Ligand SMILES: NC(=O)C1=CN([C@@H]2O[C@H](COP(=O)(O)OP(=O)(O)OC[C@H]3O[C@@H](n4cnc5c(N)ncnc54)[C@H](OP(=O)(O)O)[C@@H]3O)[C@@H](O)[C@H]2O)[C@H](O)CC1
Ligand SMILES: [K+]
């Protein structure tokens, strides 16, 4: 799914209104119905006493009024609070206010105007609050009376659901000023870029998005460097196996991993590579890793280094279809030199993770040796070691895109909404995964999956998108059974099979 900026969304909005054609008030109604359909399933009316909708006077407030009316129609007890902080009202806000007033006249909805925090009501414990104060029209940081009201609301214990954008959050740049702290955000048509960055989680909560019927052809024609990885994209990438296929056609991966005390990383990556469907896997380990590897992963072949404890040299590189290097490798001098030699002599996309990235961070001149189309999989700390400190995630994302373009590589920045940046400067944000995956070895599993997919002739972009998605999906299935707290990297490997089964059914 493409992610549009606020300006582009407004253009898509205007295009839809002009070409569907649809009146703007009817588009607002459609958006509000989409919200309401989700809301009634998520918060059935038996689960709380009342809904209070807090509205600004722009179109976000207009949505809020339409939602209040639609919820009343569905049998909810609804109160509307209109923030009287400006005289500017949009036409669609006015029309919807008129419609709600008719309900008020029938004693079906309560409407109250609020001009300051002192006039805010005390909400009951069972009330749910809908934030329709400001949406994508935010054009300056929130201060003054509205900031006081937001602070007041944030102090309340009630569940808060934001319409389109949590009030105060800038969608395309870092947020400053007061913000509502929503528990849920329901975004129209696309998630906003800001929702994908951790610093905004506090404001956005869990987000969902759904189409409000904006013109799909127009959206397809708009240029955007940002995509959200949904099942649609993954479905197009995933290749079913040929009935007559055999292990010879699924490639032979070489994993260069592990050092004394860090063989677990190599084991996890090797198991993941096998579970991701590789035909054959050879794992190159120092002598100390021989027995543990043969015992822990009998399906893998082992190539032994000359050194007892670390990686120093590997032969026969051309015979492997894919190479991945780095998990648990160490950054000792001889390993560094061996990595440098390899990078210079490899001539095909390679997966680089963990200590391979730490070594690159220490020797920035070596970035130019990385084969084009390679995949680098840093977590934020490794990213910082390679490319330096940043102020926030918008800046980090810009840097990630720039470096991917500069070196002609794919950079997978791991975290919530893992982001794949391509050599063309496009970003794909993952939609699967959960906080339980922030556990030792989780990254090693991803590296193994990527090597397994590349071996099966997924191209690097396909491997990145499918890899991060299925890694997250395995995590989500595992968390359902094991809980986020107890989830281990080994579980991710064990649930990969179930994730593939789910993928087949998409
Ligand atoms: N395509 C869609 O996604 C649709 C979206 N809809 C909804 O429309 C809003 C956007 O509505 P808009 O009227 O453009 O803007 P807002 O309601 O968010 O804001 C209204 C005005 O608030 C003022 N403003 C801006 N920043 C501040 C601030 N810091 N403090 C106080 N007031 C502020 C500003 O007016 P000014 O004259 O004061 O500059 C805004 O114009 C979108 O989010 C959706 O909810 C449609 O309903 C359907 C299609
Ligand atoms: K809002």
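Cβ atoms are placed via backbone N, Cα and C, with glycine included.
Keep in mind that TrEMBL annotations are predicted by a computer and have not been checked by a curator.
As annotated by TrEMBL, (6S)-NADPHX binding site applies to 59-63, 135-141, 164, 265, 328, 379, 444. If you take the C-beta of residue 62 ((6S)-NADPHX binding site) and look for same-chain residues 6 or more apart in sequence within under 8 angstroms, you find 28, 55, 90, 92, 93, 95, 96.
Residues or ranges marked as K(+) binding site in TrEMBL: 60, 131, 167. Long-range Cβ neighbours of residue 167 (K(+) binding site) (same chain, at least 6 residues apart, Cβ-Cβ under 8 Å): 56, 60, 131, 133, 134, 135, 138, 142, 146, 150, 179, 180.
What TrEMBL lists as AMP binding site is 414, 415, 416, 417, 418, 443. Secondary structure at residue 415 (AMP binding site), taken from DSSP and collapsed to helix, strand or coil, is coil. Neighbour count (other Cβ atoms within 10 Å of the Cβ, all protein chains): 19 for residue 415 (AMP binding site).
According to TrEMBL, the domain 'YjeF N-terminal' annotation covers 9-220.
Mean pLDDT for the domain 'YjeF C-terminal' (230-503) in this predicted model: 96. If you look up TrEMBL, you'll see 230-503 marked as domain 'YjeF C-terminal'.
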Among 59, 139, 379, the binding-site residues whose C-beta sits under 6 Å from ligand 1: 59, 139
Rounded to an integer, what is the Cα-Cα distance in Å between residue 414 (AMP binding site) and residue 59 ((6S)-NADPHX binding site)? 36
In sequence order, those binding-site residues of 62, 136, 139 whose CB lies under 6 Å from ligand 2: none
List, in sequence order, the same-chain residues at least six positions removed whose CB sits under 8 Å from that of residue 136 ((6S)-NADPHX binding site)? 6, 9, 10, 60, 164, 165, 171, 192
Given the binding-site residues 131, 379, 414, 417, which one's Cβ is surrounded by the fewest other Cβ atoms within 10 Å? 379
Around the recorded AMP site (414, 415, 416, 417, 418, 443), other residues with Cβ within 8 Å of the Cβ centre, ordered by sequence, are 379, 413, 419, 430, 433, 437, 468
For the recorded K(+) site, enumerate neighbouring residues of the same chain (Cβ within 8 Å of the Cβ centroid of 60, 131, 167, site residues themselves excluded), in sequence order. 54, 56, 61, 64, 132, 133, 134, 135, 162, 163, 164, 165, 166, 180
